[in-house]
Amino acid sequence: MGKAIHFGGGNIGRGFVGEFLHEAGYEVVFVDVVDDLITSIQNTPSYEITEISEDGEKTKKITNYRALNSKSHEADVVQEIATADIVTCAVGPRVLQFIAPVIAKGLESRNVSTPLTVIACENAINATDTLRGHIEKKTKPEIISERAVFANCAIDRIVPNQPPNNGLNVRIEKYWEWVVEQTPFKEKGVAHPNVSAIHWVDKLDPYIERKLFTVNTGHATTAYYGHLAGKKTIADALHDPKIRENVHKVLDETASLIINKHGISEQEQKEYVDKIISRISNPYLEDGVERVGRAPLRKLSRNERFIGPASQLAERGLKFDALLGAIEQALRFQNVEGDEESKELAKILKEKTAEEATSELTELEKDHPLYSHVLERVRTVQQESK
C-alpha cells in the first residue's frame, strides 16, 4: 500500500483528490495550516462523499487517512514526504509558494530509489510547473531532477456550497475529469502512479485550455451576470434566457480559440460546451453565484479564464466582444461579504486611474490589442460609482 501526501484539507482535497487516492489504495496524509480542520480530520475516522446528479445521489465512505499541521509540525510533514509515493495539492495557485519549502525539505530527506510524483491539482494552467519553480528556489537542481517527477494536470469537478453542520462530509458533482501528462514519467523511465481515476495523456495543453476556457469561463460568466441580476444560484441564473444567451456567446468565442489553436473539431467542442452548460445548470448542486464568483482579482488576471482567452483571440484577430462583457461584469463583483478580493477590487477601482487599474488587474501590456478594449470597460465601471 502506497502513501500520498495531499496539501489542502478542504472540500476539493477531501472530495476529489482524496477520494480517488483512497480508491487507488493509498493511505492519504492531509496537510493544512487550519488548526480546527486538522483536529477535525485527526479525530474523525471516516467521512462521506455524496455524489450528486440528476439521477439521484450516491454516497461513498472514505477511510485510511491521517492529518498533519504543517505550521506546527513541519518536521513531521518533511518525514512523511521523505517516504511518500505521491504529493498532490489543492490549495489555490497563490498558496503554492508557501508549500514549496516543506516539499523541498522532504525531497532533500528522501533516500528511496523511486522518485516522488508531484501533481498540483489547481484551477490554473501548468500549476505543477509553477510549484516546481518555487521548490527550485529552495533546494539544489540535482535534488529535484533525481528525486521527483513533476506532472501538470487539468482537473474538473464542481464542489458547491456545503450544507451547514456537514462536518468533513462533502457533497460533490458526480461528473469529474482528472487529466495528467505522462511524458515526464516516460522521460525518466519510471511508471506513473496507478490511479484509475486519472486519464494519462502525452499532450496536456488542449485539455487544460479547453477546461479552463470552457468550464471555468462559463461558470464565472454565469456567476457575474447572475450576481448583478440578483440570482442566488448558478442554476437560477442559467434559467434566465438573457444570462444563458450571454454565457453561450462567451463560450462561442472561447470555442473559436480552442478550435483554431488546438485543432479540436467544431462538433466535439459543441458537445463539450453543451455538456458543461447542462452540468452547471443542475439545480441539485445548489451552487451559489457568490461562491463561484469569489476571488475576482485572480479570475481577472493575465492567464486566467477571461483575459487568457480574450488576449489570445485579440492576437489572432478573432472576435472577443462577449468576453469583454463578462470582464465588465466581473469588475462589478465588488464588496461581496466574505470575499476579500472583491473588496480589494473595489479599492483598486476607486483609488487608481483607469490605466493603472487595467494594468494592475490584467497585467496586459499597453500595446496589446486587448488592452484598450479592457481599459474602456474599466472606465465604464469606474464612472458608475462616481
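Cβ coordinates are placed from backbone N, Cα and C, and glycine is handled just like the others.
The shown structure was predicted, so the numbers you read here are calculated from the model rather than taken from an experiment.
What Swiss-Prot records for LYS211 is active site. In this structure, LYS211 (active site) is part of a helix by DSSP.
Feature annotation from Swiss-Prot assigns NAD(+) binding site to ALA4, ILE5, HIS6, PHE7, GLY8, GLY9, GLY10, ASN11, ILE12, GLY13, ARG14, GLY15; the stated evidence is similarity to another entry. Within its own chain, ARG14 (NAD(+) binding site) has PHE30, TYR47, ILE49, ILE62, LEU168, VAL170 as residues 6 or more apart in sequence whose C-beta sits under 8 angstroms from its own.
Using a 10 Å Cβ-Cβ cutoff, GLY8 (NAD(+) binding site) registers 25 neighbours. Fewest other C-beta atoms within 10 angstroms, among the recorded positions HIS6, LYS211, are seen around LYS211. Cβ environment of GLY10 (NAD(+) binding site): ASP32, LEU37, ALA90 lie under 8 Å away, each six or more residues apart in the same chain. Across the structure, ALA4 (NAD(+) binding site) and LYS211 (active site) are spaced 26 Å apart at their Cα atoms.
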